[in-house]
Amino acid sequence: MINNGKALNNKKSSDYSKLFRHQAKFVAGANHINQIPDFSLPEIVFVGKSNVGKSSIINTICNNKSLAKVSNIPGRTRQINFFNIIDKLIIVDLPGYGFANVPISVKEQWEVLITYYLRNSHNLMLVNLLIDSRRGIKENDKKVAELLLANKREFQIIFTKSDKVTDRKNLNYEAQNFLATLHYSCNVIYVSSRSKEGTKELKASLAKCIKYQR
């Protein structure tokens, strides 16, 4: 289902507004697989290419401009960061993949860390695959989606920086073809941290995960 920022009409709208009214706080960072914590709470993950806007989206939905560090320099997030919302939900910010200007050894370390987490987390409920609306779906994004499906991880596509794109027909078509190739169906949400488009829809999709806590 492709959502272009239209308001949701369901009983859960109040649930997400109550949840995200509370202040999220940074609780842990992991540079190595041995440092990954187990909070025994549902975890929602944000993953995407370097400089796709992960930190900005996290700050927007958590109503905290300084929660996750924002930078125009690709590769700013260099560890897995965990944010706790009133012991109900853990927001997870993964290092960006792709063109970060870091040594190859560091990129390889990130890849191991990201892959291990996505494969082994017992609390992972939903992955938000962030894609820059201006760039479209790239090969790295496809590989991540294939990894998620191989490990039976539920994900949805978040087109970031939606305020930068006016004609979405090609993006919608690209997303539909991409999902058809994977034989997978999921939400496709356009989100802008600047205009706040799609933030209600995104928050609602995250809040739903609490009721399915294992």
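Placement of Cβ uses the backbone N, Cα and C atoms for every residue, glycine included.
The structure displayed is predicted, hence computed values, not measured ones.
Database features (Swiss-Prot):
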- 48-55, 75-79, 93-96, 160-163, 191-193: GTP binding site (BINDING)
- SER55, THR77: Mg(2+) binding site (BINDING)
- 40-212: domain 'EngB-type G' (DOMAIN)
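Within the group of binding-site residues (LYS54, LYS161), the Cβ with the highest number of other Cβ atoms inside 10 Å belongs to LYS54. Here the CA atom of SER55 (Mg(2+) binding site) lies 13 Å from the CA atom of GLN79 (GTP binding site). Note on GLN79 (GTP binding site): other Cβ atoms within 10 Å of its Cβ, all shown chains, come to 16. Every protein chain shown contributes to the tally, and the Cβ of ASN51 (GTP binding site) ends up with 19 other Cβ atoms within 10 Å. The local packing around PRO95 (GTP binding site), expressed as other Cβ atoms within 10 Å of its Cβ over all shown chains, amounts to 24. Model confidence over the domain 'EngB-type G' (40-212) stands at 88, taken as the mean pLDDT rounded to a whole number.
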